[in-house]
Amino acid sequence: MGPVPYVMISETLSPQIRGLATWICITVLWLLAFLVGKFFNTVSDAIGLHVCFWFFALCCILATIFHILVLPETKNKSLEAILHELSGKEKKNINSCSKLKCFICLFYQKHPLRMPDPVSGSRQPLRMPDAVSGSRQPLRIQPLRMPDAVSANLSTFSYGSFVGWASPAILELQSDHSAIGGDPITDEDASWIGSLMFIGFLCGTPVYSWLSDRFGRKPAALLTSIPIIVNWLIIIFSETVFLIFIARFIVGISIGGILTIMPIYVGEISEVHVRGTLGTILSVLGNGGILFSYAVGAYSQ
C-alpha cells in the first residue's frame, strides 16, 4: 500500500480536524504494529504460521471492501470537492475544466493580457475571476513543490534507518562478542528492542499532533530532530540493554511526529494534480532508510 493511506488522510480530512484525526488513525495503526511485533512469534508457535497469514489476508479483504464502498476517489480533486462528496451531496468538482479552458489558462500565463489602468494610465495584467469566490485574482499556476516535499521528507529517511537498525543490531547484540557488556541478549530482550519503538510512537503522536496545530507544521517538524539526536547519543554510549530500550522508546516519539506531520504538510503545500506523486516521497525515502540500515549493518559486522 505504501504511501496511499497517508495521502488519503491528508486529502479526506478538513484542516480543522486533520491533526487530531491523523493522530487517531496513526495511533491505531502503530498500536496494532506493536502487538504484532511483540506477540507474533508467540501466537504463530501456538496456532501455526499459516493461520496468522490467513488472518492477515482476511484483514486485507475486509479493508478492500471498505475502501470500495466508503472511500471516494480523490485524484485531481480539491478538498472542497472531496468533502462535498463525503457529505453525500451531489458531486461537483469546482476545479474541473475542459481542455480548451486549460489551454487558455496556460496561454494566458505565458502571454498575459495587459489593460490600461484608468487612474495611473499604466498597463496592468488582466485579472481572471476566481472559480470559487468570483473575485478577480491574478492567474498563476504554482510550480511543482518537489524540492519542498523532498526536503521536508528527509526526516522520513531517518525514520527508515531507525526501523531497519534493529535487524542487524539484534544479530550483533545476540552474538558472543556483544557490544554491551560482552554477554549476548536474550530473545525476550530482542523482542522489546523491536517493539518498544512503537510504544514511543503512541506517546509521540498526540504530542506532535498538538504541536503542529498549536505552533504550525514546520516548527513541529523541526522538533522531531530532538528525540533523534538523543536516541543516537544513548545508543553510542550505552553499555546495558536497558539503555537500548530507552533509546528505542525515545526514537519512537520522533517517528510519531514524522508520520503525523509529514503527510499533512506535503498535502497542504501540493497542487491537486501532483498531490499523489509528492505523497509517494514519504514511502520512497522511508524504505530507502530501511535499505540503508540493512546495507550498512551487513558490512559493519
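Our numbering is plain: 1 for the first residue shown, then up by one each step along the chain.
Backbone N, Cα and C atoms are what each Cβ position is placed from, and that goes for glycine too.
What TrEMBL says about this protein:
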type     : residues : note
DOMAIN   : 1-75     : domain 'Major facilitator superfamily (MFS) profile'
TRANSMEM : 20-40    : transmembrane segment
TRANSMEM : 46-70    : transmembrane segment
DOMAIN   : 144-301  : domain 'Major facilitator superfamily (MFS) profile'
TRANSMEM : 191-211  : transmembrane segment
TRANSMEM : 220-237  : transmembrane segment
TRANSMEM : 243-266  : transmembrane segment
TRANSMEM : 278-299  : transmembrane segment
- Task: Please work out which recorded stretch in 46-70, 191-211, 243-266 has the most C-beta pairs separated by under 8 angstroms from the transmembrane segment (20-40)?
- Result: 191-211
- Determine which residues of the chain contact the transmembrane segment (46-70) at the Cβ level, with the cut-off under 8 Å and only residues 6 or more beyond its ends counted. 40
